[in-house]
Amino acid sequence: MEGERGWSIEGYLNEYFDIPAKNPPSDARGRWRRAVGLVVRNRRRRFRAFSALQGHALDDAQRRKILGKVQVVINVHRAALQFIDGIKHHLTHELTEEGFCINPDELAAITGMHEDPRILKVHGGTNGISRKIKASLEDGVKETEIATRQKLYGTNEHAEKPPRSFWMFVWDALHDLTLIILVVCALVSLVVGLATEGWPKGIYDGLGIIFSILLVVLVTASSDYKQSRKFMELDHEKQKIYVLVTRDKKTKKVLIHDLVVGDILHLSIGDVVPADGLFISGYSLLIDESSLSGESEPVQVSEEKPFLHAGSKVVDGTAKMLVTAVGSRTEWGKIMGTLNEDGVDETPLQVKLNGVATIIGQIGLVFAILTFVVLLTRFLVDKGMHVGLLSWSANDMLTIVNYFAIAVTIIVVAVPEGLPLAVTLSLAFAMKKLMNDKALVRHLAACETMGSASCICTDKTGTLTTNHMIVDKIWISDVSKSVNGDRNITELKSAISGGVVEILMQGIFVNTGSEVVKGDDGKNTILGTPTEAALLEFGLTLEGDRFVEYNKLRRVRVEPFNSVKKNMSVIIQLPNGGLRSFCKGAPEIILENCDAVLNGEGNRVPLSETQKQNVLDIINSFASKALRTLCISFKDLDEISEEQTIPDNGYTLIALFGIKDPVRPGVRDAVMTCMAAGITVRMVTGDNINTAKAIAKECGILTEDGIAIEGREIHDKSSDELKELLPKIQVMARSLPMDKYKLVTSLKSMYQEVVAVTGDGTNDAPALCESDIGLAMGIAGTEVAKENADVIIMDDNFKTIVNVARWGRAVYLNIQKFVQFQLTVNIVALIVNFVSACVTGTAPLTAVQLLWVNMIMDTLGALALATEPPNDEMMKRLPVRRGDSFITKVMWRNILGQALYQLLVLGTLMFAGKRLLNIEGPTADRTINTLIFNSFVFCQVFNEINSREMDKINVFRGIFRNWIFVGILSATVIFQVLIVELLCTFANTVPLSSELWLFSIVLGSISMIISVILKCIPVENGKRDIKPRGYELIPEGPETL
């Protein structure tokens, strides 16, 4: 009994309808689906968009099964090689005519999973293959041949299932069990009506129900179809991935779907290999093939082992590869073509609303049964008293059928099938708008979760700053100069010796991940990261004529930059036969590896502790001016063995750079918006702590109460120390990927924060996965980071992140508004029909009228309220915490207040309407029932307007900016006029006089006055006394009425 006394709607929802936003476990997903039980009118439509419970496990099992079969094929292939060496694949006439010397299937087999070097050797290795497919390993393929190659060797696209047509959605809508029962009732009504009342009077009731059902089905299918089209557009946008290729001697970016056999593809850390191919050249290339082979250890790819497969990931290094197979001819394409990827994981809000719909449906089912039992009992008692139970006519059967139709229609109204689907509608609308605003939502749940975000851990470079870098200052040979103009460059060249300039230029031009390419317009463009591009641009300005000379120097070994080492190294062969190693990266790391420095004459002199401290002071002075600092050094070598790595000590310091990256316009305002919304913004960057602090202060992130720490410090703290420190941390500098991961996990576990994290590198994947919302950078982000993210910020702008939070809050609030509106209609419709059945033995709202009301509150209501755009007020309230009630006390106040008013109005009309309004004559009953129906609909129309604001009195603010809301409201009123005045025969209504029309509208509009009175009633909303994450909220001004 104690458990029963403690039952509550929120408790029930939290017990059975609560799932995590990311990677929901199968048991949680199964629990809510079992809890829904049979209270679902249309399972086909309700669960259509969701993946099967065993979907992911099935896909993994399928992949393993396929890989097992592939391995069997490989073993058979190897065993049979000796028998098929002499067999050649047939060359088609088209291939021969175009000058190609290898069949597409034979070419694809060379780079298949069997990776047999003997087959490749037979074809002359990579060079031989390139000749057979008419591709230059230096210049790439010709643009004029692209269409021919796609025709003969295939396109880089996987087979996709055709999109669902509109009629398939109609078919889904027709699977609604209650609508099917109503169709049967309508057919029975038609037959009995024709038999008793003849043509055409006998068909009106049945046809009215059938036409209403068709209207409901068409409107529902149209809404679902438009949603599916929006999701299709988003899916196509997700597939727009660009890669770097060389074509016609030019390096350019192309979509992966435009890749062709023969393309020279450039790979770097974090890329996902988009096609099968052969290694041409590169450095330290490590490939993760776990998605294909299941092996967790990365594979080293080189000229000796040149096979590269689509779907694998670049863990380290850089390379160029020759594309040999695309699309369904790749091993990855074959696997993807066999997997079932229908449906997505349900979101927490969708599950929560399924719970709300279940509760309402169970209550509605009870009311429907009671209504039918009461109506039938009264009918049987009345018949028994006047005619007798042994005498039955066709009219008696028609009456019972109508009673049953009313009961079924009450179930239609009571089971809010559109409630969970309203979330999908709202999310689709928000995702479409966000895509236009440069935010691509990859996972549906992320959009709503972002609305609850209480903390954003953001990168600095490119997110808070413009990512347009230039070298602003340089320290070299004890000379510190500003270099942001031609005059300053000239002064710099005159201040240092030619030997120093030569070594500096070598270090810049050979130790770089960027490259200079010629565009279609003939102008040179620098491709690469902004930092690398800034250094290369500086070098070209200082000694651009020597770029080609230095770039031809042979690179003996290369260690590309990664976020753990925070440096990049290269060994080159000098013209005089010696070796020279260059290293550049974070100043404190490079400085620690140096024991000498170049003086003004270009001589190597020991680096004393005093000089080292002087350099550190210069680093700090650059950093305090918000400049990104970077050092470059060199070391001459005699020789290096194959086993040796590039040295990490004994270097000579060449120069220190201060790179300027201005703060983006509007970032400070966006940070202030976050503070007002109770969202803490923390900067997590790999930069020097002084640079980070300067930028953070400029952005408004670092306040007087906040602190800035370095990433390593977070690991040195005990749990208690870390718990005390976390709320104060506003900047984390010199951060490694695992530092970011530690920060995210600590915030979630210690403070139950809802954490959003930005990331752009491969090593950011753990933090992106662990966070509640992973935000990858669209411009600077690697493909691995994007794959692990929930949202891709296409313009890398912090303002866009805040906009995602704004839309997330809009989704949550819009659904709350819709639930408030729908619950009010549910309560009134159920009680009115039940009370009327008990007292009068009839139901004032007929099946056709209830179907129309159902459409107003279901599909049309969702379209109107679930598509409200966000407003500034949304970002002046605290985020919704984990575990907060979905149906708030404010909502209950509005629901019960409006329902009570509507019940009083409709009850008065039902029992005293004819007397009060002096309605007499043979049509008096139908007139009063029509008036009740009309007044009920107008109460919903005005209550729909009331629902736009749950707390604020001014419900008209911004109403004309939402054309969907205005359009649906107008259409509802117009169609209501048609039903009452023109379709009265089918809807069982009579035309109303102008006075009664005005009376109905006035009764409906009074609900707006009721709304104002209700909003003046104070409701304890559980406001939090503490400051949100240590920030003072920006005070709100007086409410505008």
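Quick reminder: no glycine exception, Cβ is built from N, Cα and C everywhere.
As the structure is a computational prediction, the values presented were derived from the model and not from experiment.
Pulled from TrEMBL, these are the features on record:
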type	residues	note
DOMAIN	121-194	domain 'Cation-transporting P-type ATPase N-terminal'
TRANSMEM	177-196	transmembrane segment
TRANSMEM	202-222	transmembrane segment
TRANSMEM	359-381	transmembrane segment
TRANSMEM	401-430	transmembrane segment
TRANSMEM	823-845	transmembrane segment
TRANSMEM	890-912	transmembrane segment
TRANSMEM	963-990	transmembrane segment
TRANSMEM	996-1017	transmembrane segment
Which one, 823-845, 890-912, 963-990, 996-1017, has the most C-beta pairs under 8 Å toward the transmembrane segment (202-222)?
963-990
So what's near the transmembrane segment (359-381) in sequence-distant terms, Cβ-Cβ under 8 Å and 6+ beyond its ends?
9, 12, 39-40, 389, 399-400, 403-404, 406-408, 410-411, 413-416, 419, 823, 826, 830, 833-834, 837-838, 841-843
Tertiary contacts of the transmembrane segment (823-845), as residues 6+ beyond its ends and Cβ separation under 8 Å:
360, 363-364, 367, 370-371, 374-375, 378-379, 382, 406, 410, 413-414, 416, 853, 856-857, 861, 887, 891, 894-895, 898-899, 902-903, 906-907, 910-911, 929, 932-933, 936, 939-940, 943
Structural state census, the domain 'Cation-transporting P-type ATPase N-terminal' (121-194) (DSSP three-state):
47 helix, 3 strand, 24 coil
